[in-house]
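Report on the structure given below.
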Amino acid sequence: MTSAAAPSPTSDRTRGIVAAIACITLAGVSLALSVPLLAFAMEARGASGSFIGANTAMGGIAVLVATPLIPRVASMIGVRPLLFAALVLGAATMIGFALVDPLWAWFPLRFLLGVSLGAMFVLSEFWITSLAPPQSRGLVMGAYVTALSLGFAAGPAVLVATGTTGLLPYLVGAALFVVAVAPILVFGATAPNIDPPQPGRGVLFFLRLAPVATLAGFTFGAIETGAFTFLPLYGVRTGLDADTAALIGSAVALGNVVSQIPLGLLSDRMDRRRLLILIGAGCALGAAAIPLTNGSVVAYFALATVWGSVISGLYTVGLAMLGERFTGVDLATANAAFVMMYASGMLVGPPALGVGMDLWNPHGAPAMIALMLGAYAILAASRGKAVAQP
């Protein structure tokens, strides 16, 4: 398995990494804008909660369906052209939401948007990990996740500026995808090529070969989505007012932004599997400690910030671990497996936390988070040193 030789000069590597990060960060702003925008638009037109939820889930289903195919398609037409096509498709679907009237037609549009986003993440992350120097791969992935987190945080702010009605927010969302093309046009020559995948070495093969890394993606996807949904609700049910509880997501996000580069640096200096075990176990204990805040605003927000600063290390370190073990088409396919598992977690996490809260109100949600993280830490520990070998 080979890929096109990565640019040897350090400056070319750096430009390529910055270009890929800039591309996916701009796309992330549009994604973060589109999620609440589409929900508000459907609600304003009388759609039920179940309809809105089903439409939102269509994006995750699209990622699950399309992601396994991305490495093979990229090997046929190239990383740069496929990423370009994904961005154009993303822009077109945003315009489509503004122009297409029947809400049932938003399901295929949401599916196409999910396909485009899946391709963007798989290809951008492959680009970044391929160019990242081995001795600082964790640092590079930490910088990537930090930039992406800032992009996600900017999306709702952009929506506040554009408003949620009329054509403007859709046009801005489409424009962000179009602007994200610029780094590809300027520095696209640094994008590595992908050879055709070998028979029997598809996504499922890498799920079995690298479960610690790929399940880190699943665990983070499940808990990130579930936490942003249920931790504010937990605050309300333990005595916080709704406005204050709504800010708990910002506390988690703040911790996420400030910690990824330090965690990435740490992963460059210690065994990444052990670090993932520590992250899983530590965050399980943190989730289990949430009921001890006992309705205290200061304690709850402080714990959420610290917890949020560590939990997203599952994503950063998991990606760095894949980059450590694989190259070329194997890395592209392993990254596709990681993104697919992340999307699977996003579909599984919120219902699981909801069931937990129903069974043990309100502490079932943090208990379910702790259970999932504890299970991941045990699985990672049980793999032993064998998984550290390619």
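Glycine is treated like the rest: Cβ placed from N, Cα and C.
TrEMBL annotations: computationally assigned, not manually curated.
Because the structure is a prediction, the values reported are computed rather than measured.
Pulled from TrEMBL:
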- 16-390: domain 'Major facilitator superfamily (MFS) profile' (DOMAIN)
- 17-39: transmembrane segment (TRANSMEM)
- 51-70: transmembrane segment (TRANSMEM)
- 82-100: transmembrane segment (TRANSMEM)
- 106-127: transmembrane segment (TRANSMEM)
- 139-161: transmembrane segment (TRANSMEM)
- 167-191: transmembrane segment (TRANSMEM)
- 203-223: transmembrane segment (TRANSMEM)
- 243-263: transmembrane segment (TRANSMEM)
- 275-292: transmembrane segment (TRANSMEM)
- 298-322: transmembrane segment (TRANSMEM)
- 334-353: transmembrane segment (TRANSMEM)
- 365-382: transmembrane segment (TRANSMEM)
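Averaged across the domain 'Major facilitator superfamily (MFS) profile' (16-390), pLDDT in this predicted model comes to 89.
Here the transmembrane segment (365-382) sits against the transmembrane segment (203-223); at least 3 CB pairs are under 8 Å, leaving out pairs fewer than 6 apart in sequence.
Using a cut-off of 8 Å between Cβ atoms, the transmembrane segment (82-100) and the transmembrane segment (139-161) share fewer than three residue pairs, counting only pairs 6 or more apart in sequence.
Between the transmembrane segment (243-263) and the transmembrane segment (17-39), fewer than three CB pairs separated by 6 or more residues in sequence fall under 8 Å, so the two stretches do not touch. For the transmembrane segment (167-191), the residues of the chain that approach it from at least six positions outside its boundaries are 6-7, 12-13, 15-16, 18-20, 22-24, 26-27, 29-30, 33-34, 37, 78-80, 83-84, 87-88, 90-92, 94-95, 97-98, 127, 131, 158-159, judged by C-beta separation under 8 angstroms. The stretch from 17-39, 51-70, 203-223 that makes the most Cβ contacts under 8 Å with the transmembrane segment (334-353) is 203-223. Only residues 6 or more beyond the boundaries of the transmembrane segment (275-292), in the same chain, are considered here, and those with a CB under 8 A from a CB of the stretch are 212-213, 216, 219, 223, 231, 234, 263, 266-267, 299-300, 303, 306-307, 310-311, 313-314, 317-318, 321, 363, 366-367, 369-371, 373-374, 376-377, 380-381.
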